[in-house]
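What TrEMBL says about this one:
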type	residues	note
DOMAIN	6-131	domain 'CMP/dCMP-type deaminase'
BINDING	His71, Cys99, Cys102	Zn(2+) binding site
ACT_SITE	Glu73	active site, proton donor
Amino acid sequence: MTHRASWDEYFMRIAEVVASRATCDRKHVGAVIVRDKSILATGYNGSIRGLPHCDEEGHLIEDGHCVRTIHAEANAIIQAARNGVRIDGATIYATASPCWGCFKMIANAGLSRIVFGEFYRDERIFRFATELGIELAPLARREPPA
């Protein structure tokens, strides 16, 4: 019997495809914002609209971070805002857990659930998610059926 992907697995796989558009080779991350099993917005890490990307100009490193890029979660929230899409109460799927800055944006945007692949850096998200009533759901990668 073959395994049918759960909704979380399905949307995480889509986030993985979105990550393939990332233009900073230091970390490829994709994000998908979903409500009621419908995709509202997507984002990947890349440069400011209209400016060169890391894969074109190289990295712009400050304090060990590439500041040329906007993170996937932020780009998904920005895409929703640019298109007038309401995202409060929605779920965000991200291939890596959000950094502190993205977590704050996710919280203020009203997203109620964060499903993430690999854990990436910031433990504070666990404490503050609990305080804010935001569900954090790590999702182990499962290979799709052949």
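A Cβ is built for glycine as well, from the same backbone N, Cα and C atoms used for every other residue.
Cα of Glu73 (active site, proton donor) to Cα of Cys99 (Zn(2+) binding site): a span of 9 Å. The number of other CB atoms found within 10 A of the CB of Cys102 (Zn(2+) binding site), across every protein chain shown, is 26. The average pLDDT computed for the domain 'CMP/dCMP-type deaminase' (6-131) is 93. With a cut-off of 8 Å between CB atoms and residues at least 6 apart in sequence, the same chain places Val29, Gly43, Asn45, Pro98, Cys99, Gly101, Cys102 near His71 (Zn(2+) binding site), listed in sequence order. The Zn(2+) site is set by His71, Cys99, Cys102; from the centre of their CB atoms, other residues of the chain with a CB within 8 Å are Ala72, Glu73, Ala74, Pro98, Trp100, Gly101, Phe103, Met105. The recorded positions examined here are Glu73, Cys99; by Cβ neighbour count within 10 Å, the least packed of them is Cys99.
Annotation note: Cys102 (Zn(2+) binding site) sits in a helical segment as assigned by DSSP.
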